[in-house]
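Worksheet: one structure, shown below.
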Amino acid sequence: MEGQRWLPLEANPEVTNQFLKQLGLHPNWQFVDVYGMDPELLSMVPRPVCAVLLLFPITEKYEVFRTEEEEKIKSQGQDVTSSVYFMKQTISNACGTIGLIHAIANNKDKMNFESGSTLKKFLEESVSMSPEERARYLENYDAIRVTHETSAHEGQTESSSPSSSQPHSSHCRTKASSLCHHASLPWVKRNHVGPAKATSPSLRLRRWRPFLRLPSLGLHSVAPSLDEKVDLHFIALVHVDGHLYELDGRKPFPINHGKTSDETLLEDAIEVCKKFMERDPDELRFNAIALSAA
């Protein structure tokens with residue numbers, strides 16, 4: 001992916017919520033951590049949920065699957081409602097921002113925007129554009145770019161501060177590798193099993209490790225340069241017209257994952273997340289945040 005490159009955002013609800021606030025979104029909906037896939041951990045997520053963002057590693061196994069999936073859909077077709085707002089990604093390290101745009105744009109009727117909201121203006125101006133046109137429009141939309149950079153710097157500054165409780169985790173789609181550091185609270189970590197030999201689905205799901213605040217450990221304490229490449233990527237999972245859609249700007253079109261509802265979106269989205277994890281059983285670098293009613 002050539003062209004513009006932005007600093008990556010953190011997988012951190014505080015950063016994403018502040019970012020959206022700066023773009024003029026009223027905080028009646030807020031991103032929160034998803035601590036695990038088990039029912040008791042999902043029950044901790046405030047309801048209703050209108051979107052889930054998944055952070056996952058771009059691996060060779062995933063790229064093989066992505067190519068096969070695209071070829072299958074092009075051959076067999078799929079139903080995608082015209083109501084889905086979808087945009088391509090042409091800016092390196094912008095997957096976090098594009099994930100947020102996908103989450104808000106497909107729930108615009110639920111959101112309250114402040115007067116003069118930059119995000120509302122972008123959505124209204126791009127509503128009739130194609131996914132490719134929206135991507136090009138974002139490239140030149142300085143108000144969102146500047147806010148993105150400010151949020152990226154703020155998150156990294158927090159993580160580098162001696163008094164901060166957050167190790168930095170930068171992520172977005174580029175080619176090479178920079179490992180993300182995740183951590184778990186003790187009551188979550190006790191369910192962790194090693195990546196190599198977990199064979200049953202119930203064990204695989206226990207590898208889920210949320211990005212949580214810990215005392216400063218000196219991990220990624222220096223903000224990465226624009227040229228630093230990472231291999232983690234954000235996608236959005238949203239409910240539109242009774243179906244669950246995966247929205248990934250690296251893909252040519254939305255992916256329809258079947259029926260869902262406002263009441264079951266979180267559980268249905270987590271089922272999709274499980275499939276990502278099962279395709280890469282040796283990987284631990286998965287994380288999710290949910291857009292919940294505040």
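Each Cβ is built from the backbone N, Cα and C atoms, and glycine gets one as well.
Unlike curated records, TrEMBL annotations are generated automatically.
Feature list (source: TrEMBL):
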- Cys95: active site, nucleophile (ACT_SITE)
- His233: active site, proton donor (ACT_SITE)
- 159-169: compositional bias 'Low complexity' (COMPBIAS)
- 5-293: domain 'UCH catalytic' (DOMAIN)
- 150-175: region 'Disordered' (REGION)
- Gln89: site 'Transition state stabilizer' (SITE)
- Asp248: site 'Important for enzyme activity' (SITE)
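All protein chains shown were included, and the count of other CB atoms within 10 Å of the CB of Cys95 (active site, nucleophile) stands at 27. Just so you know, the Cβ of Gln89 (site 'Transition state stabilizer') picks up 23 other Cβ atoms within 10 Å once every protein chain is counted.
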